[in-house]
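**Student:** One structure coming up, written as structure tokens, with questions to follow.
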Amino acid sequence: MKKKTLLPLFLGIMVFLAGCDYSKPEKRSGFFYNTFVDPMKNVLDWLGNNLLNDNYGLAIIILVLVIRIILLPFMLSNYKNSHMMRQKMKVAKPEVEKIQEKVKRARTQEEKMAANQELMQVYKKYDMNPIKSMLGCLPMLIQLPIIMGLYFVLKDQLVDGLFKYPHFLWFDLGRPDIWITIIAGVLYFIQAYVSSKTMPDEQRQMGYMMMVISPIMIIWISLSSASALGLYWSVSAAFLVVQTHFANIYYEKVAKKEVQPFIEAYEREHNGGSNKKGKNTQVVSKKKKK
């Protein structure tokens with residue numbers, strides 16, 4: 001359910017980002033602007049003007065990295081919960097599927113409630129929390145207003161320094177640049193690919209769709225926006241690629257280690273009887289030989 005809601009959410013956000021406009025002074029008001037956009041504008045202006053000697057390209061890079069580092073604990077918690085849930089589900093899947101079949105075959109409300117109660121017992125047995133899994137989108141929702149605040153600062157060029165000192169590397173921060181646009185699109189493709197590698201098979205199609213849709217939307221918006229926006233997206237995507245890659249490696253090991261007792265308990269429960277039977281069969285065959 002969580003994965004199915006991500007695509008409409010992502011598309012809705014992209015439409016919102018493309019449609020909002022704070023470029024005109026009379027539109028610079030309201031809760032979102034005052035809470036998220038204006039503070040980002042002031043921080044970026046202070047970084048570029050006072051700390052970095054009018055180097056606004058470097059100011060954008062530093063601000064994106066600082067925001068991503070601040071949000072890192074939320075993202076790491078999401079990675080950990082996702083890996084734990086996936087590893088536990090591998091063990092619990094046979095039991096869960098049997099009970100889900102009971103729910104489908106239930107003819108009365110009482111039978112359905114009994115099957116659902118049985119399902120909750122399985123979740124409890126393997127220390128699985130479906131509600132916690134459903135809240136996996138929460139870290140993303142927490143970070144969105146902050147990231148979107150910086151997005152609008154760059155999209156609508158609200159910092160005067162971007163006009164006065166626009167040159168950074170090979171491009172003009174105040175104008176569209178095809179190369180930084182391509183870099184942003186490629187990095188978001190890689191980021192979606194890295195994320196999809198750890199998805200279960202039934203959810204992987206969603207990851208493949210994101211691999212196509214997100215770069216197209218990024219390129220489409222960047223081609224008609226200041227290259228400062230492409231720089232922002234490139235740095236953000238590069239950070240996410242590294243973050244996702246190493247977090248997946250680490251938390252997959254952690255999850256497998258923590259789930260091992262459940263696997264051993266499952267094997268004892270389901271293979272214990274057959275092992276005893278096998279031993280008895282061996283004893284009987286030895287007696288016959290004698």
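Each residue, glycine too, has its Cβ placed from N, Cα and C.
The shown structure was predicted, so the numbers you read here are calculated from the model rather than taken from an experiment.
According to Swiss-Prot:
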- 1-19: signal peptide (SIGNAL)
- Cys20: S-diacylglycerol cysteine (LIPID)
- 56-76: transmembrane segment (TRANSMEM)
- 134-154: transmembrane segment (TRANSMEM)
- 176-196: transmembrane segment (TRANSMEM)
- 207-224: transmembrane segment (TRANSMEM)
- 229-251: transmembrane segment (TRANSMEM)
- 270-290: region 'Disordered' (REGION)
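If you look at the structure here, what lies around each of the features I listed?
**Tutor:** Residues 40, 43-44, 47-48, 138-139, 142-143, 146-147, 150, 154, 159, 161-162, 165-166, 168-169, 173, 228, 231-232, 235-236, 239-240, 243, 247, 251 of the same chain lie 6 or more positions beyond the ends of the transmembrane segment (56-76) yet place their CB under 8 Å from a CB of it.
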**Student:** Give the nonlocal contacts of the transmembrane segment (176-196) in its own chain as ranges (CB under 8 Å, at least six residues past its ends).
**Tutor:** 170, 204, 207-208, 210-211, 214-216, 218-219, 222-227, 230-231, 233-234, 237-238, 240-241, 244-245, 248
**Student:** Where else in the chain does the transmembrane segment (229-251) make close Cβ contacts, counting only residues six or more beyond its ends and a cut-off under 8 Å?
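**Tutor:** Residues 57, 60-61, 64-65, 68, 72, 75-76, 79-80, 82-84, 147, 150-151, 154-155, 168, 173, 176-177, 180-181, 183-184, 187-188, 190-191, 194-195, 197-198, 218, 221-222.
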